[in-house]
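Here the structure is laid out as structure tokens; the discussion comes afterwards.
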Amino acid sequence: MAGRKTGFAALVATLGAAEFNTATLIGGASVAYLYGTVGLWYTSFIFVFVFSIYAWTVAKPYRRLEISTIAEFFERRFHGRLAETTRALASLVTLTFTWIAPATYLAGLSVVASVLLGVDPLTTVIVITSVCLVLALAGGFMTAISFDVVAYVMILVFVPVLFFVGYFNSGGFGELSGVFDPRYLSFEPIWDLEDYGFAAILTWCFQNIMLYVAAPWYGQRIFSARNERVAYRAMLVNTALIVVLYGLVALTTMFSRVLMPDLDKPEEALPRLVLEYTPPIIQGLLLVTLLLVGISTMVAIWNSAVSIVVNDLIKRYLFRERSDRFYVLSSRLVFLALGVSTLVFALSFVGNILLVLTYVSVFTALLAFPILAGLYWKRFTTLAALSSLSAGVVYVVVALLGDFPYHLVSPVGIAVSAVVGIAATVFGRRQPIDPKVEEFFATAHGRKEEHDHAYV
């Protein structure tokens, strides 16, 4: 990122570009097309809680610690005999999201491109994956904040434009009652809706809160802020903008049902509205905008995945002290494997993008309790962190294999993780607080000078 020099406007843009992705956009829009205001809950309202809790719990500590990866957090906070095992498990858990999530973004892009350009999803997926691989192997590309600023400005322009296109062509809010059941135009919880009932919404919200606590790519952007005041203000403004932008997208898609009430593929509702009710120049610019945002996000998360595999696993545990050429070649091979798997996953995800996205983060969300306990509880030990994370992973694996209901997967897994972690700390052997932990806490909570003075 840009060191610690990012100003307010640029930080808002890069935070927004990090979140505004094609998976949530297309997947959430399809829910709005089918179930009206349920889509608003899924794609918009939850982010009030997600970003508010992120700002309240970890934004400032991450910035003070200069944390950019989850492995780095675990390395600095947890020490002793089990430290390496704990760090390795945290890296593997993080990898589950960074390896699979790009495929959901690619699936969203393929839906947009196939509708607007009339090309087969397979062709779209192959072309975009190839472009991403070339850019990634050529040296990273797209993590520059200036790129995010351009993409986000385009989003801020085109999303309201699409809303007004949908609003005026459909006849406005009064026409929605003709195509939606009354309960889909109310904000009262709907509990009996398959896959997208209110229990699933609460689970999705909770899971996103936990995911963002453990999201290193978001923390990197917070770290780049010029100062804490800029970081905090940017978080607040970004929260408001994301809620409004996704809300406008959901409403636009609801209007599209008035115009196109019988679509066989709800995920195509938003791009078909663009195709049939906007001039070609708008179609082209919107496609470019979504491609820029989607490819940027994919490459950024791919880089995180490759870094985990090569630096946190291969270099640290499997093949130590090899030549630089060996690790460069390893990175390229991992990129190729990642590209192929992303392509295959993306093709299988089309049609169920949001549903897949809800399950992708079930493991990564388990990192949240060890992170929060590690930040706010000095007695929370390395053994407690390892036990907590292991128990959560075991439960989620069992829940997925047993086909448990969605709301009994991640929330219960995190609860199991918390209970085991607390028990391991409370009932474990009490030991003096490690000086490294004291230093960690002093840094994380803005008391570094007091700590240093006390040890002089």
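Just so it is clear, glycine is given a Cβ too, placed from its N, Cα and C backbone atoms.
Residues annotated as transmembrane segment in TrEMBL: 32-56, 89-116, 122-142, 149-168, 196-218, 230-255, 281-314, 326-347, 353-376, 383-402, 408-427.
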Fill in: Which of 32-56, 89-116, 196-218, 281-314, 353-376 contacts the transmembrane segment (230-255) most, counting Cβ pairs under 8 Å
32-56
Worksheet item: Any chance the transmembrane segment (353-376) and the transmembrane segment (89-116) are in contact, meaning at least three CB pairs closer than 8 A with a sequence separation of 6+?
Response: yes
Worksheet item: So which residues does the transmembrane segment (408-427) touch in its own chain, when a touch means Cβ under 8 Å and the partner is 6 or more beyond its ends?
Response: 203, 206-207, 210, 359, 361-362, 365-366, 368-370, 373, 377, 379-381, 383-385, 387-389, 391-393, 395-396, 399-400
Response to the item:
Beyond a gap of at least 6 residues from its ends, the CB atoms lying under 8 Å from the transmembrane segment (326-347) belong to 99-100, 102-104, 106-107, 110, 121-122, 125-126, 129-130, 132-133, 136-137, 298, 302, 305-306, 309-310, 314-315, 319
